[in-house]
Every structure is written in C-alpha cells, then in structure tokens.
Amino acid sequence: MSALETQALGMIPMVIEQSGRGERSYDIYSRLLKERIVFLIGEVNDQTANLVVAQLLFLESENPDKDISFYINSPGGSVTAGMAIYDTMQFIKPDVSTMCLGFAASMGAFLLAAGAKGKRFSLPNSKIMIHQVLGGARGQATDIEIHARDILRTKDQMNRILAERTGQPLEKVKADTERDYFLTADEAKEYGLVDQVVTQRP
C-alpha cells in the first residue's frame, strides 16, 4: 500500500504541537518534512515522483545549504518517474543523504545509490536489489522495435550511471543487472551502493 493509499484510508498519524499561539496539528509526513526528511514509500510512479520532486525543490528553496534526508522503502517502478527524482537530486544545491529501510529494489536501489557520496546509508536488515530495465511494449511490430531500441538505450544509460555511482566496472554492472541481483546491507556497502550500514544514530 502506498503512502497515498494509506492517507486515503485516514491511517496517517497526526502530530499536535503546542506553541505560544496555541496548538497546531500536522500529518506525520508534513511534520518530518519540517525536519528536511523526505520519504519514498511504495512504488515509484508519476504521482509519487511528483511529490518527492516538489518536496526536494521546496526544501532547497527553504535552505540551499542544509542537507536533505531521503528515506527509501520501495520495490521500484517507472523508470521515467524515477529519473525525474534522480535528476532533481543531482540538480538541487543541498546534498541529499539517502537511507534504505526495509527494501530498495530496481529504481528504489538506483535512487539509494544516487545520494551524495559518503552520505548513503542502509539499516542492517534492509535488502537491496538491482536488475535491468523492464519493458512491456505492445502494438505493431515497428512500434515494438522502436520501444525495444529505447529500452536498450535506457538500460545502457542506467548501467553507466550505476557504474559511476558505485565505482564498479561497467561490465560488472551489466552482468550483475542481467537478472535480479539481491544484496544484504553489508553486500550493498561492499558493492558501493551505500557508504555505511548504520544500526543507530551517531
């Protein structure tokens, strides 16, 4: 269930803060956004990507010099939606620190590796999975051929970025992403997808 679906069911906790001017209530995600914490929970799609991008841009406008924490628990999803998040992470001035909690797969793992170097983390029992781009073109043969060429170009683009972000040779990344490649948190650190496995706050 996505965070949006959970919100639709009215299951997102509310936080009430006291101030000299009275009480103010926030949903938990809005309150955490005040602390520069952004979540990607569930599938990466146009809706979740638009929310994440908007939050990153808002936090940059609030303070371009202060890091943003990006927590990821996602099975992946749309490549184009994920690349919108990736490009925004690289575009904005603040460093984006990434943290895997639970599971970061496919585009989720790609975005985990996209954090600022030295600021990519995983909790110890998280799982990370990388694989090649998935496609599902239908229609006339010529259209399928056009889509196949585009998918191969996208696959090559993502492998090159992943090789750059992890420090792994491109040929190794190509081989490893041919099929689902699961890693523990420690293996993800060794691979270069994260910089540190953390068990508690320093």
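Residue numbers in this text run from 1 along the chain shown.
Positions of Cβ are set from backbone N, Cα and C atoms, glycine also.
Taken from Swiss-Prot, the feature active site, nucleophile covers SER106. Annotation source Swiss-Prot lists active site at HIS131, citing sequence analysis.
There are 16 other Cβ atoms within 10 Å of the Cβ belonging to HIS131 (active site). Annotation note: SER106 (active site, nucleophile) sits in a coil segment as assigned by DSSP.
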